[in-house]
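Novice: Input: one structure, supplied below.
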Amino acid sequence: MWRSLLKISLRVLWKDRFYAGITLAGLAVAFTAAIFIALWLQFELKWEPFLQDPDSVRGIATDIRLPTAKGFHTLNTPSSLREELDAALGDRITTARYLQETVVMAVGDRRAVENVGTADPNFFRVITVPFLAGDPAHALDEPNSIVLTRALATKYFGSQDPMGRTIELQDGTGRVTGLIDDLPDNSLFKQGAYVAAQSAFSFLSAGKSSTQWWDLNAYTLVRLLPGTTHADLSPVLRQLETAKYPDDETSGVRHHFEIVKIRDAHLLGIVYGQTRDRTSLAALGLIGILTLGIARVNFVNLATARATRRTREIGVRKALGASRATLTLQLLVEPMLLAIVALLIAFVAIELLLPTMSNLLGERLEFSVQREPLLAAGIVLSGLLVGVAAGLYPALLLSRMTPIAALNAAGRSGDGSNFVRQAMVMLQFATSIALIVLTIFLQRQTEHARAVNLTRIAGDPLVVLNDLQRLPDTATRQLILRRLADEPLLRGATGSSLVQGDTKQTLSTRDDIVPGQRTTFSVVRIDQNFFPVHGLKLLAGRNLDDARDTQEDKLDTAVISTSAAKLFGFANPRDAVGRTIGGSGDPTDLPIEIIGVVEDFPLHTVQESMGPTVFVDRPNRFRYITVRVPGGHLREGIDAIERIWNDVAPSYPIQRQFADARVEHMWRSTQNEADVLTSFALVAVLIGSLGLFGLAAYTAQRRTKEIGIRKAMGASTADVVKLLVMQLTRPVIVANLLAWPVALWVVQRWLSAFADRIPIDIWPFLAAGAGTLVLAWTVVIGHALAVGRARPSYALRYE
């Protein structure tokens, strides 16, 4: 029986290959898009895939609320938190601190700066990474122990066994005690090597670990041992909040330790560089469902349209004795066959396109049936369900008709089925229009914010020298800065504690600035060249001067931002200049003498405004050097920077980055999302257009006789074209009216996350509506012209 059903299905599909081809193309494109979204969601939702018992591994996040400034939420905690947790719950939990740092590594003549993770000895008991060699329980027990990944081991030792070998570090010698595979991209702990926290260079080492509880410098990781729950940790953390932050009640500042699953940390906005959240992933999943839904609607629409052409066949077969079950099965086999073929095409397309899409996203997506059998089974099952859902309605409708009813209804379609098909067209295009509107706003906002950030660094290129903490002392940093500033091939150099795109802030909360009010503001340490090098103009007052404004023991001479001037109670920037504020509270809080006011400019993440900021002259306390290089002599300028660095600090490889590249990196995730949404909007429009194309062909064919009569009665070709075009235009117009309010609501929600955002104007909605309308006309008009130009005698030749 199955062989007969398959043979009949193939014969029917070949005979009706026009509709079968349209359906197959739409399904294949939709399945490809849906599979890609499923892989992306799996990548984002299954971080740390190597963890054993992942639900027992937690991180402690710090949530700080401030009275007059935006607080922050971070996975970093005070270094001493781990010791307090061990003291309270040591026999019920395993804890470890973790910090990403940069270190100079050298083996023989090979020397490079590497990103490493420094961690406590228990790290690999908490984060259970499979080892290729070595003992994970004791790999980091000894000072300067190093666990290498396969990639870094190959880089320094080639094909030789790295175990027991030594690596020169910037402050000592390390010994390789373990070897692991490279961690996947969806891990917070992906580094080239892991070094014991006792290493001389590490901020977690003995003597360097901060005992000040407002210094958040490390991840605190916890593995809950059997019998221990989340609830056992909470009382200890609440006690620590009260004991370590006794001023919270009166200051208005609130410190809160939060327990999070480490696999979910990247979705909570608490990890630097990870900007995706659950909302964006839910939106991505919804797009996948909608794309597949459009294909299914398209499938059902064409299937019900084709069903009216098969009533005569069904009537004859029932008259010859075919049972309802047999006919239902036959009518289900055909769409399922199409769905299976479309799935096969989609799997091939995924294999071909996945590398390109991975490069677009900057994330390594992989698809393997062996490693992810449940995902593969779910994809296949979803495809089959689409086939069943598309074929079930026509199958049940036709198989229950009596032979006489089927033969009488041959070639006719009632108003009810026409209404259903038009409703499906509306649903398809409403989804497509909403996606187009979202895409336009997403791309415009992305470009706008990038332009705003890049405008601030326009002109000759800015080169940022990173991670100056690696240098041995302040004198070395100062010497490099002075030589760069004096180099005639360069146009200026400045040191600062913060550069654009950095999320690390120094916050000050004081009650002696504005009477009766706690004020919180950022403090940025700079030198006198900061504003000239960055091309920033003072709105009032003068610039800092290293020779006269560095008085750390008496008062803070400062330039403040516009928003800080408003916070401090000055209506006009000029009113702030020359004023000395503060100094009547805590003796450690020096008075602030305001000598200038500078305009606000983007300094942190792209979504945030600058916020109240105080710039103080601290030329000996900076983390970055920014150099302005002549655009016409870029190569010579870069060579000069590297020559000066190598003269002063030859043992420390330079790490440099163009400032505009930092901005581009900040925007990479948002731009990737915009590009992907654009792709899926185009996919949705393509699928909807295929369905409309097939439906237009069906409509023209079904109304051939009617059009012949109209032409015989004097209707022109233009009248016929107008009739058919308007019939399929109305659903598209209604789709616009349905899509616009939904798109407007989503756009408003998304744009609210940006401090500097574009206005919501009408033209993207009109452009999406007009574009879909023109596309619908383009798709329909070809069939309308073909039917309108046909001779009436052809349509009425059998009458």
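Each Cβ is built from the backbone N, Cα and C atoms, and glycine gets one as well.
Pulled these from TrEMBL:
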type	residues	note
DOMAIN	21-234	domain 'MacB-like periplasmic core'
DOMAIN	286-403	domain 'ABC3 transporter permease C-terminal'
DOMAIN	488-631	domain 'MacB-like periplasmic core'
DOMAIN	679-781	domain 'ABC3 transporter permease C-terminal'
TRANSMEM	21-43	transmembrane segment
TRANSMEM	281-304	transmembrane segment
TRANSMEM	325-354	transmembrane segment
TRANSMEM	374-398	transmembrane segment
TRANSMEM	419-442	transmembrane segment
TRANSMEM	676-699	transmembrane segment
TRANSMEM	762-787	transmembrane segment
Novice: Give the nonlocal contacts of the transmembrane segment (762-787) in its own chain as ranges (CB under 8 Å, at least six residues past its ends).
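Specialist: Distal contacts: 429, 432-433, 436-437, 440-441, 444, 685, 689, 692-693, 696-697, 699-700, 703-704, 707, 717, 720-721, 723-725, 728-729, 732-733, 735-736, 739-740, 743-744.
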Novice: Looking only at residues six or more beyond either end of the transmembrane segment (419-442), which have a C-beta under 8 A from one in the stretch?
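Specialist: For the transmembrane segment (419-442), the far contacts come to 287, 290, 293-294, 297-298, 300-301, 304-305, 673-674, 677-678, 680-681, 684-685, 687-688, 691-692, 695, 728, 730-732, 734-736, 738-740, 742-744, 746-747, 750-751, 758, 760, 764-765, 767-769, 771-772, 776.
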Novice: Can you tell me how the residues of the domain 'ABC3 transporter permease C-terminal' (679-781) break down into helix, strand and coil by DSSP?
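Specialist: Per-class counts: 87 helix, 0 strand, 16 coil.
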